[in-house]
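The structure under discussion appears below in the form of structure tokens.
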Amino acid sequence: MLIKSPKSHTLREAHITPETAYVSRRRVLAGLGAGIGSLLLARQSHGLDLLGGKSRQAAPRKPLTFTAHKPAPELILTPEPKVITHNNFYEFGTGKTDPAENSQHLKTEPWTLRVEGEVEKPATVDVWKLMNEIGLEERIYRMRCVEAWSMVIPWVGFELGKFLQRFAPTSRARYVAFETLYDPEQMPGQRNRYVGGGVDYPYVEGLRMDEAMHPLTILSVGLYGKTLPPQNGAPIRLVVPWKYGFKGIKSIVKIKLVERMPPTSWNKLAPQEYGFYANVNPAVDHPRWSQASERFIGPGGLFSVKRQPTLPFNGYGEEVAGLYSGMNLKKFY
Ligand SMILES: Nc1nc2c(c(=O)[nH]1)N[C@H]1C(S)=C(S)[C@@H](COP(=O)(O)O)O[C@H]1N2
Ligand SMILES: [Mo]
């Protein structure tokens, strides 16, 4: 029997008032008292680095106006304090709390994004102006890191495809190449190979044109109703929910439409471990670990991590599997 369920992104009609929902979630966390959640919460709201013992002001985040969406009913949000303290952003160190600790002084304003290459109208965009003028919407997506942990994050952003149309892609555009800021003065991982985990900076990523134009693919400028904190890729980052998290390149300064498949950072570093496609696939193990299941970082204390099966295309197969019909996904991992 086939039970037809609506596509997950069509389920998300305007429904909840995000701020109310998030505030009550915070209260739940605070109520845990001794849990790490409240420790991280205290650290976030008072700008104090209780874990490191140093006083550090968290970079301010502005509230955003956007169309709210109701998540697919099975999705449980990862609490905001965890989303903003458990990160991968090797430019600021390879430890999970390094980005939150080392990125607060990143200068994100002003920020320009260059769009060029195979487009009829190349341009440099002021990202903060763009945020005010473009229609923002919330997208609640699963996020699956290749390291086998996962979250559910309420992003705020807009469809990459709609944005790219503004620049009039030419018929030669077959791939999209993305680049993170290169600024060793601000990014300790770019000054020191050990701190930066051996990545060849700037961090670069890429998508095939049809993946970039897919309505699930967004450029995110916020999470939990406010602008992104630096550690999550302020002021603008990519989110491709059916791919491993490393495709979600942060703090983007350049987008170039190109004819040939562009190089990507993790593929350059270890091509046998990280492919260009990087579609979440429980049937293709990482050479050093299984991808069949994942540790979901959800509500509750630090150690209440739930082991759950990993879904093909991270649960978005109904929407995106067609992009890869006829492709051997074991070969094109
Ligand atoms: N520039 C840059 N982008 C990056 C990374 C990075 O190290 N540098 N890490 C990637 C990885 S491995 C993951 S899992 C996600 C993590 O996003 P989050 O910290 O917002 O959860 O960002 C991705 N984008
Ligand atoms: Mo990742």
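From the backbone N, Cα and C atoms, a Cβ is placed for every residue, glycine too.
Database features (TrEMBL):
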BINDING   Asn87, Tyr90, Glu91, Cys145, Thr180, Asn232, Arg237, Gly248, Ile249, Lys250  Mo-molybdopterin binding site
DOMAIN    106-266  domain 'Oxidoreductase molybdopterin-binding'
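Here the features listed in TrEMBL are painted onto the structure.
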residue : record                        : contacts (Cβ under 8 Å, 6+ apart)
Asn87   : Mo-molybdopterin binding site : Lys96, Thr97, Asp98, Pro99, Ala100, Gln231, Asn232
Glu91   : Mo-molybdopterin binding site : Ser103, Thr180, Leu181, Met187, Pro188, Gly189, Gln190, Gly196, Tyr201, Tyr203, Ser251
Arg237  : Mo-molybdopterin binding site : Leu219, Ser220, Leu228, Gly248, Ile249, Lys250, Ser251, Ile252
DSSP three-state assignment (helix, strand or coil) for Arg237 (Mo-molybdopterin binding site)
strand
Does DSSP put Thr180 (Mo-molybdopterin binding site) in a helix, in a strand, or in coil?
strand
Please report the number of other Cβ atoms within 10 Å of the Cβ of Ile249 (Mo-molybdopterin binding site).
25
In whole Å, could you give the widest CA to CA gap in the Mo-molybdopterin site formed by Asn87, Tyr90, Glu91, Cys145, Thr180, Asn232, Arg237, Gly248, Ile249, Lys250?
19
Determine the Cβ neighbour count for Thr180 (Mo-molybdopterin binding site): the number of other Cβ atoms within 10 Å of its Cβ.
25
Per DSSP, three-state class assigned to Ile249 (Mo-molybdopterin binding site)
coil
